[in-house]
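**Q** Summarising the annotation, TrEMBL assigns transmembrane segment to 9-29, 41-59, 66-91, 131-156, 163-182. Annotation comment: TrEMBL describes 67-183 as domain 'VTT'.
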Amino acid sequence: MNINHKKEFTAFVFFLLFLVTWSFLIYQFSPNEIVENLGVGNGYLVAFVAAFLAGISTFTSAPYALIVITLGAGGLSPFLIGLVSAFGLFLGDSTSYVLGYYGHHVVPHGLQEELQKVHAWLMARKRAWTIPVFIFCYGAFFPFSNDLVVISFGLARYPFWRVMAPLALGSIVFNMILAYLGKYGVGYFF
């Protein structure tokens, strides 16, 4: 087994272990009991740390959404959960942007040129507003890893705040949706 397969296998085992452990916790304890045992302040800290770890795990997003949903179902403020977890995700995703921006020397030169052409074309067509709207919508409505977006825009040398600000706002919306889903949706299923 080569080193890449070992890393993939290890990541899969940790992911599976997390899911099994979290499923056991949810089965044994209600979300209210989990929040009660964590404490309100620690619940927000858990949301922040889980989202941060999801942000720094390139292309293998940690399942922090389960935590956000559980904390919302446990009675924490969905608005605050959205803010705290989005801030953690913002910090984690910033590392991916920096990886793309400064890691361009490991990316084939042809791909860099193509990304630069797309960026220049969008800017020349006065369609600069479409990029932030796309980034916001991606962050708000797509439950996929943000790494593809932030690394690509980093490689294209798109300015940091023009990528991260709409993504952070979209992440606030996404995480609030998850928390509200936990708060109001869990009752429909359980």
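Cβ atoms here come from the backbone N, Cα and C positions, even for glycine.
Please treat TrEMBL annotations as automatic predictions, because they have not gone through curation.
How about a rundown of where these features are and what they're close to?
**A** Residues 35, 67-68, 71, 74, 76, 80-81, 84-96, 99, 145-148, 151, 175 of the same chain sit 6 or more residues outside the transmembrane segment (41-59) yet have a Cβ under 8 Å from a Cβ within it.
On the 0 to 100 pLDDT scale, the model's mean across the domain 'VTT' (67-183) is 87.
Within the chain carrying the transmembrane segment (131-156), a Cβ under 8 angstroms from the stretch's Cβ atoms is held by residues 55, 58-61, 65, 89, 93-94, 96-104, 107, 111-112, 115-116, 118-119, 122, 162-171, 173-174, 177, all 6 or more beyond its ends.
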**Q** Please report, as numbers and ranges, the same-chain residues at least 6 past the borders of the transmembrane segment (66-91) whose CB is under 8 Å from any CB of it.
**A** 19, 22, 26, 30-36, 40, 43-44, 46-52, 54-55, 146, 164, 167-168, 171-176, 178-183, 186
**Q** May I have the DSSP-based helix, strand and coil counts for the residues of the domain 'VTT' (67-183)?
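**A** Grouping H, G, I as helix and E, B as strand yields 96 helix, 0 strand, 21 coil.
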